Amino acid sequence: MFPPSPKQAFLVLNSGSSSIKFSVFEKTSDDVLTMILTGQLTGIGTDAQFSVKGAKGETLAKESWAERDTGAIAPLLQSLIVWITDRLPDTPLAAAGHRVVHGGRRFVHPVQVTPQVILDLESLIPLAPLHQPQNVSAIRVLAETFHDLPQIACFDTAFHHSQPRRARSYALPRELTDRGLHRYGFHGLSYEYIARHMPSIAPEIAEGRIVVAHLGNGSSLCALHRGESVDTTMGFSALEGVPMGTRSGSIDPGVLIYLIRELGMGADELEHLLYQRSGLLGVSGLSNDMRVLLESDSPDAAEAVDLFCFRVAKEIAALAASMGGIDALVFTAGIGEHSEPVRARICERLAWLGITLDATANARADGLISQPGSLPVLVVPTNEEYMIARHTADLVALKNVA
Ligand SMILES: Nc1ncnc2c1ncn2[C@@H]1O[C@H](COP(=O)(O)OP(=O)(O)O)[C@@H](O)[C@H]1O
Ligand SMILES: CC(=O)OP(=O)(O)O
Ligand SMILES: [Mg+2]
């Protein structure tokens, strides 16, 4: 008999465009990962707010970090790391795991970060300008703080690697496809978490054809068959697919040619328009936050919500067509998990697919929310941080890097 391996702690960072989500997990000798604290730094660049909860949901911190917020992510990350390390349990920190949005063609599995990996990730910044700089920044700040701490990069794009070529291709000349101008897909850690947990949540449908709607500030949908990604709405960048908080979603490329030629827009202006000024914010002229739009009586806000629901319903049907049918629909992420009216409106549009929601269950939003006899519709909370911790712990154990 080998002695049980000692406990290890893992720090997880999920750095987004305007927020950093973080968690600390503890791994016990039986390889179980338990979250011991989780928090977020939101509103970066406007009015940073810091909040942390413990394992039982108790509040450990709720502070305004507005006066240290210059919009730059590195100093905020340094403060965050100081806060976390002061409260780490006795368990030694074995590694840090990061969500990295774009893995390009090279990274199709989690990898240990090396100086070369950092350079490779930096070269992918143009493909994910809203996320990748923050992801790389988080890796650099941690490397400066903990010189010898192994860091593992886990990619949003990796889970979609299983897709057939036809789902990953654009109808472009072959030489451009061969240069990497193809569809990658994102939110893979979220879809992987859902796919892994479906067997325990709904074993009778877990191996079937499931459309997962990850609706948050960034939104995409994924067609899962036998637990693998076979198609998804985001493509080369995190712009394709449904409209999002501030992103346009799919748009006729002719519009872009028009904007360049007739309105004289340059690449930076176009990027800012499509990533930051469009989507729910652009249509409503009010906010990127679905909660604000649902509470507003402005017709433009109502139009933004309607456009969002219409486009999500259309993509659900499109992904069902990709799989030759659909056995279940799953809602997840900020809007998917928490917005009863948005789920109801999307599902109303899909009555023809055999979907009828149970209004009481939809209000409760816990597991199955459809009526008996309907195509099953579920709400499943996602947990990208757990998935990152799992990959990080597995890679550390495999390589014995800690
Ligand atoms: N109760 C709610 N009703 C409607 N929308 C909500 C609710 N709670 C959160 N949201 C939406 O979820 C979004 C954040 O989702 P999240 O998955 O955390 O996004 P991201 O990770 O992309 O930042 C917010 O912008 C907000 O619009
Ligand atoms: C890829 C992406 O859109 O991520 P997020 O939802 O965190 O913005
Ligand atoms: Mg997210």
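Note that the numbers count up from 1, one per residue, in the order the chain is shown.
Keep in mind that glycine also has a Cβ here, set from the backbone N, Cα and C atoms.
If you check TrEMBL, you get these features:
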- Asp156: active site, proton donor/acceptor (ACT_SITE)
- Asn14, Glu384: Mg(2+) binding site (BINDING)
- Lys21, His214, Leu215, Gly216, Asn217, Gly218, Asp289, Met290, Arg291, Gly334, Ile335, Gly336, Glu337, His338: ATP binding site (BINDING)
- Arg99: substrate binding site (BINDING)
- His187: site 'Transition state stabilizer' (SITE)
- Arg247: site 'Transition state stabilizer' (SITE)
Q: Among the recorded positions Asn14, Arg99, His187, Asn217, Asp289, Arg291, name every one whose Cβ is found under 6 angstroms from ligand 1, counting any of its atoms.
A: Asn217, Asp289, Arg291
Q: Sorry to bug you, but what's the C-alpha spacing from Arg247 (site 'Transition state stabilizer') to Arg291 (ATP binding site), rounded to the closest Å?
A: 17
**Q.** Cα distance (Å, whole number) from the residue listed as 'substrate binding site' to Asn217 (ATP binding site)
**A.** 16
Q.
I need the CA-to-CA distance for Leu215 (ATP binding site) versus His187 (site 'Transition state stabilizer'), whole Å please.
A. 10
Q.
Cβ neighbours within 10 Å, counted over all protein chains: which one of the recorded positions Asp156, Asp289, Glu337, Glu384 has the most?
A. Asp156
Q. Does His187 (site 'Transition state stabilizer') have same-chain partners at least 6 apart in sequence with Cβ under 8 Å from its own Cβ, and which are they?
A. Asp156, His214, Gly218, Ser220, Cys222, Thr232, Met234, Ala333
Q) Under a criterion of Cβ-Cβ distance under 8 Å and sequence separation of at least 6, what residues of the same chain contact the residue listed as 'substrate binding site'? A) Val12, Leu13, Asn14, Ser15, Asn135, Cys154, Asp156, Leu189, Glu384, Ile388
Q) Given Glu337 (ATP binding site) and Arg247 (site 'Transition state stabilizer'), what distance in Å do their CA atoms have, once rounded to a whole number? A) 20
Q: Taking ligand 3 as the reference, state which of the recorded positions Asn14, His187, Arg247, Asp289, Glu337 have a Cβ closer than 6 Å to one of its atoms.
A: none
